[in-house]
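Let me begin by presenting the structure, written as C-alpha coordinates, before commenting on it.
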Amino acid sequence: MNTLFGKAKEEARVISPKSVDEYPEAPITLGTTLVNFTGDWRTFMPVIDESKCVKCYICWKFCPEPAIYIKEDGFVAIDYDYCKGCGICANECPTKAITMVREEK
(Lines of atoms letter the chains of each structure in order from A and count residues from 1; the text may use other names and numbers.)
(Lines give C-alpha, C1' and ligand atoms only; values in the text may rest on other atoms or scores of the structure.)
Protein backbone atom coordinates (compact mmCIF):
# COMPACT_ATOMS: atom_id res chain seq x y z
CA MET A 1 0.00 0.00 0.00
CA ASN A 2 1.32 3.46 -0.90
CA THR A 3 0.18 5.60 2.03
CA LEU A 4 1.88 8.68 3.46
CA PHE A 5 2.38 8.74 7.23
CA GLY A 6 3.21 11.42 9.78
CA LYS A 7 5.51 14.24 8.69
CA ALA A 8 5.51 13.12 5.03
CA LYS A 9 1.72 13.41 4.95
CA GLU A 10 1.86 16.91 6.47
CA GLU A 11 4.53 18.04 3.98
CA ALA A 12 2.53 16.65 1.05
CA ARG A 13 -0.40 18.81 2.10
CA VAL A 14 1.81 21.88 2.39
CA ILE A 15 3.33 21.60 -1.09
CA SER A 16 0.25 20.33 -2.92
CA PRO A 17 -1.41 23.16 -4.89
CA LYS A 18 -5.13 23.56 -4.28
CA SER A 19 -5.83 24.82 -7.79
CA VAL A 20 -4.24 24.99 -11.22
CA ASP A 21 -3.41 28.66 -10.63
CA GLU A 22 -1.02 27.69 -7.82
CA TYR A 23 1.24 25.61 -10.08
CA PRO A 24 4.39 27.42 -11.24
CA GLU A 25 4.54 28.50 -14.87
CA ALA A 26 6.42 26.13 -17.14
CA PRO A 27 7.39 26.28 -20.79
CA ILE A 28 5.08 24.59 -23.26
CA THR A 29 6.79 22.11 -25.55
CA LEU A 30 5.58 20.38 -28.67
CA GLY A 31 4.90 16.67 -28.49
CA THR A 32 7.44 14.52 -30.24
CA THR A 33 5.07 13.36 -32.96
CA LEU A 34 4.36 16.91 -34.05
CA VAL A 35 8.04 17.31 -34.85
CA ASN A 36 9.45 13.80 -35.40
CA PHE A 37 8.22 10.55 -36.87
CA THR A 38 7.71 7.90 -34.18
CA GLY A 39 6.56 4.94 -36.26
CA ASP A 40 10.03 3.53 -36.87
CA TRP A 41 10.26 1.85 -33.45
CA ARG A 42 6.92 0.05 -33.64
CA THR A 43 6.89 -3.77 -33.23
CA PHE A 44 3.18 -4.30 -33.92
CA MET A 45 1.05 -2.36 -36.37
CA PRO A 46 -2.71 -1.91 -36.55
CA VAL A 47 -4.51 -3.09 -39.67
CA ILE A 48 -8.06 -1.92 -40.40
CA ASP A 49 -10.70 -4.20 -41.93
CA GLU A 50 -13.12 -1.72 -43.52
CA SER A 51 -15.79 -4.42 -43.88
CA LYS A 52 -16.06 -4.47 -40.06
CA CYS A 53 -15.67 -0.72 -39.49
CA VAL A 54 -18.88 1.09 -38.50
CA LYS A 55 -17.29 4.58 -38.65
CA CYS A 56 -17.77 5.22 -34.94
CA TYR A 57 -14.35 6.95 -34.75
CA ILE A 58 -13.62 5.59 -31.29
CA CYS A 59 -10.15 4.57 -32.51
CA TRP A 60 -9.53 8.11 -33.75
CA LYS A 61 -10.65 9.58 -30.43
CA PHE A 62 -8.48 7.27 -28.33
CA CYS A 63 -5.29 7.37 -30.42
CA PRO A 64 -2.65 9.12 -28.29
CA GLU A 65 -0.79 10.31 -31.40
CA PRO A 66 -1.96 12.01 -34.62
CA ALA A 67 -1.73 8.63 -36.36
CA ILE A 68 -5.38 7.93 -37.20
CA TYR A 69 -7.22 10.17 -39.61
CA ILE A 70 -10.62 10.15 -41.30
CA LYS A 71 -10.60 9.74 -45.08
CA GLU A 72 -13.05 11.43 -47.45
CA ASP A 73 -15.14 8.24 -47.64
CA GLY A 74 -15.61 8.33 -43.85
CA PHE A 75 -13.40 5.36 -43.07
CA VAL A 76 -10.35 5.77 -40.87
CA ALA A 77 -6.78 5.20 -41.99
CA ILE A 78 -3.46 5.00 -40.20
CA ASP A 79 -0.43 7.16 -40.85
CA TYR A 80 2.30 4.66 -40.06
CA ASP A 81 4.93 7.41 -39.86
CA TYR A 82 3.34 8.43 -36.57
CA CYS A 83 1.81 5.17 -35.28
CA LYS A 84 3.76 3.73 -32.34
CA GLY A 85 1.87 0.44 -32.37
CA CYS A 86 0.47 0.84 -28.86
CA GLY A 87 -2.71 -1.07 -29.76
CA ILE A 88 -5.14 1.28 -28.03
CA CYS A 89 -7.14 1.64 -31.25
CA ALA A 90 -7.53 -2.13 -31.60
CA ASN A 91 -8.43 -2.51 -27.94
CA GLU A 92 -11.12 0.18 -28.09
CA CYS A 93 -12.69 -0.84 -31.42
CA PRO A 94 -16.18 -2.20 -30.61
CA THR A 95 -16.41 -4.29 -33.80
CA LYS A 96 -12.80 -5.59 -33.73
CA ALA A 97 -12.17 -3.99 -37.12
CA ILE A 98 -8.59 -3.27 -36.10
CA THR A 99 -6.12 -6.05 -35.47
CA MET A 100 -2.51 -5.78 -34.40
CA VAL A 101 -0.01 -7.68 -36.55
CA ARG A 102 3.72 -8.08 -36.07
CA GLU A 103 5.68 -5.45 -37.97
CA GLU A 104 7.88 -6.90 -40.70
CA LYS A 105 10.96 -4.86 -41.46
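Backbone N, Cα and C define each Cβ position, glycine as well.
Copied over from Swiss-Prot:
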DOMAIN    44-73  domain '4Fe-4S ferredoxin-type 1'
BINDING   Cys53, Cys56, Cys59, Cys93  [4Fe-4S] cluster 1 binding site
BINDING   Cys63, Cys83, Cys86, Cys89  [4Fe-4S] cluster 2 binding site
DOMAIN    74-103  domain '4Fe-4S ferredoxin-type 2'
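This view paints the features noted in Swiss-Prot onto the structure.
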residue: Cys53; record: [4Fe-4S] cluster 1 binding site; DSSP (3 states): coil
residue: Cys59; record: [4Fe-4S] cluster 1 binding site; DSSP (3 states): helix
residue: Cys83; record: [4Fe-4S] cluster 2 binding site; DSSP (3 states): coil
residue: Cys89; record: [4Fe-4S] cluster 2 binding site; DSSP (3 states): helix
Task: Packing count at Cys93 ([4Fe-4S] cluster 1 binding site) (other Cβ atoms within 10 Å of its Cβ) - done: 22
TODO: Enumerate same-chain residues with a sequence separation of six or more from Cys56 ([4Fe-4S] cluster 1 binding site) and a Cβ-Cβ distance below 8 A; give 'none' if the list is empty.
DONE: Pro94, Thr95
Task: Non-site residues, in chain order, whose CB comes within 8 A of the mean position of the CB atoms of Cys63, Cys83, Cys86, Cys89 at [4Fe-4S] cluster 2 - done: Pro46, Cys59, Phe62, Pro64, Glu65, Ala67, Ile68, Ile78, Lys84, Gly85, Gly87, Ile88
- [ ] Could you state the whole-number distance in Å separating the C-alpha atoms of Cys93 ([4Fe-4S] cluster 1 binding site) and Cys63 ([4Fe-4S] cluster 2 binding site)?
- [x] 11
Open item on the list: As a test of the contact definition, list every same-chain residue at least 6 positions from Cys86 ([4Fe-4S] cluster 2 binding site) whose Cβ is closer than 8 Å to its Cβ.
Closed with: Pro64
Task: Residues within 8 Å of the Cys53, Cys56, Cys59, Cys93 Cβ centre (excluding the [4Fe-4S] cluster 1 site residues themselves) - done: Ile48, Val54, Lys55, Tyr57, Ile58, Trp60, Val76, Cys89, Glu92, Pro94, Thr95, Ala97, Ile98
TODO: Please give the sequence-distant neighbours of the domain '4Fe-4S ferredoxin-type 1' (44-73): residues at least 6 beyond its ends with Cβ less than 8 Å from one of its Cβ atoms.
DONE: 31, 33-34, 38, 79-80, 82-90, 92-103
Open item on the list: Restricting to the domain '4Fe-4S ferredoxin-type 1' (44-73), what is the model's mean pLDDT?
Closed with: 94
TODO: Please list residues from the chain of Cys63 ([4Fe-4S] cluster 2 binding site) whose Cβ is under 8 angstroms from its Cβ, counting only those at least six apart in sequence.
DONE: Ile88, Cys89
Task: Cys83 ([4Fe-4S] cluster 2 binding site) and Cys59 ([4Fe-4S] cluster 1 binding site), Cα-Cα, nearest whole angstrom - done: 12
